[in-house]
Amino acid sequence: MKLYNTMTRRKEEFVPLVPGEVKMYSCGPTVYNYFHIGNARPFIIFDILRNYLEYKGYKVTFVQNFTDVDDKIIKRAKEEGITEKEVADKYIEEYFKDAEGLGIRRADYHPRVTELISDIINVVKKIQDNGFAYEVDGDVYFDTTKYREYGKLSKQNLEELEAGARVEVGEHKKHPMDFALWKKQKPGEPAWESPWGMGRPGWHIECSAMSMKYLGETIDIHSGGQDLIFPHHENEIAQSEAATGKPFARYWMHNGFININNEKMSKSLGNFFTVRDISKMYDLEVVRLFMISSHYRSPINFSKDLLDSTKNSLERLYIAKNNLLHLLENAKDRDETEEEKALREKLMTHKDKFIEAMDDDLNTADAVSAIFDLVRDINSNINENSPKTLIQFAYDLYMELAGVLRIVTKKEESLDDEIEKLIEERQKARKEKNWALADKIRDDLKSRGIILEDTPQGVKWRRA
Ligand SMILES: Nc1ncnc2c1ncn2[C@@H]1O[C@H](COP(=O)(O)OP(=O)(O)OP(=O)(O)O)[C@@H](O)[C@H]1O
Ligand SMILES: [Zn+2]
């Protein structure tokens, strides 16, 4: 498999450090809000990378952190009159709800900064002992001038960076690009004891410490959004390599942005849709399919129109799945003809295409196309006259590929049951002359592509 490595700026053959095992770390959310569609992109993409590596037979250990102490969380807690822990607990719980809706599995470890303070302090001490950090009145800074390779990920050199840098008032660092490993407590802020007095970790150090704790000093893949290349990942590399003297991560992967009107979707610009808001209008599986229909490094311009067309595409995938299930129920047991055997071969070519695409730097866009091509061939070649073995083969192949991307995962029964239940509710509302509720249920179903028809035999439904 080839992966694009930001460190070398080219696609490289992926070779894990230990054969058969992959250790990967992805920078997780700062938990002071619901996460938005832009944030969802790395969560979905790197979860798919993990699935795919497992599909290929690797044993994967995956870590994604929660930043649960930082300026934004402290601000949020003050605004709401609650503790930082309460803010973080709430949004971690909400993260898991939305992530589940998006089909994202839990990582093997989801460490939180506040639970690893002593590990973080130990890494800061190591960096200081190795001569790469200095203390000024309770703050500890990383000395960028001591780390010769500073800038190697973002391809910038220290002199140029220093020329453009600004030192904020109140900072006591020796060089403009030095950054905080440990921050002295300010009044009213959460703080922990340390060799440098009461304080809290800087942002970058948490990922170095967590990655080392759960995955070891050198890991295979480190990932996040493109905005993290500098300074976050550059600083993670400097800290980690200063602490251990070993390479920190072998492959650096970065996803492109979700934009709105060609501008990055971000909390600070206010141009974002939270996953939670979108979940009120769309099944989140639509968002997942939308996200993986582009290559992860390409920018995506987000629009509701795109979501609508993705919704229709997903519906087509479900119809094909349900057709196969219905065909299976009544299928004949008979031997396959030569032509039917040849069809198997033809269907398998789509699997080859799928794998070729995924092996080429996780090209989910082409992988999704391969699934649609497969579905097209299934629809036009498999019918009620097909033998059971062939229908089962087509169904298994389809579900195998969809399963790697974790799409088309819902069972038909559960969908049908839910619709029947809503129809009953609507009948009850009509009996009670609650026309508003009855209309609302009909319209909600319509927006999901389910059309109700009142017939003399009762209410019937069909897919639009
Ligand atoms: N518009 C976007 N498109 C793709 N990825 C994004 C986008 N915005 C943030 N990310 C990624 O989301 C992940 C979670 O980051 P985090 O919770 O720190 O969000 P953030 O950077 O604070 O968001 P914002 O930029 O909206 O303030 C990071 O990997 C980050 O690179
Ligand atoms: Zn990080």
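The backbone N, Cα and C atoms fix where each Cβ goes, glycine too.
Looking at 29-39, 161-171, 172-182, 436-446, the range tied to motif ''HIGH' region' in TrEMBL is 29-39.
Annotated by TrEMBL as coiled coil, the relevant range among 218-249, 314-345 is 314-345.
Note: the Zn(2+) site is recorded as Cys27, Cys207, His232, Glu236; in the same chain, Trp203, His204, Glu206, Ser208, His222, Gly224, Leu228, His233, Asn235 also have Cβ atoms within 8 Å of that site's Cβ centroid. Across the structure, Glu236 (Zn(2+) binding site) and Lys267 (ATP binding site) are spaced 23 Å apart at their Cα atoms. Residues from the binding-site residues list (Cys27, Cys207, Lys267) with a C-beta closer than 6 Å to any atom of ligand 2: Cys27, Cys207. Listed in sequence order, Cys27, Trp203, His204, Cys207, Gly224 are the same-chain residues six or more apart from His232 (Zn(2+) binding site) with CB atoms under 8 A from its CB. Less than 6 Å separates the Cβ from ligand 1 in the case of Lys267, drawn from the binding-site residues Cys207, His232, Glu236, Lys267 in sequence order. Counting neighbouring Cβ atoms within 10 Å of each of the binding-site residues (Cys27, Cys207), the lowest count belongs to Cys27.
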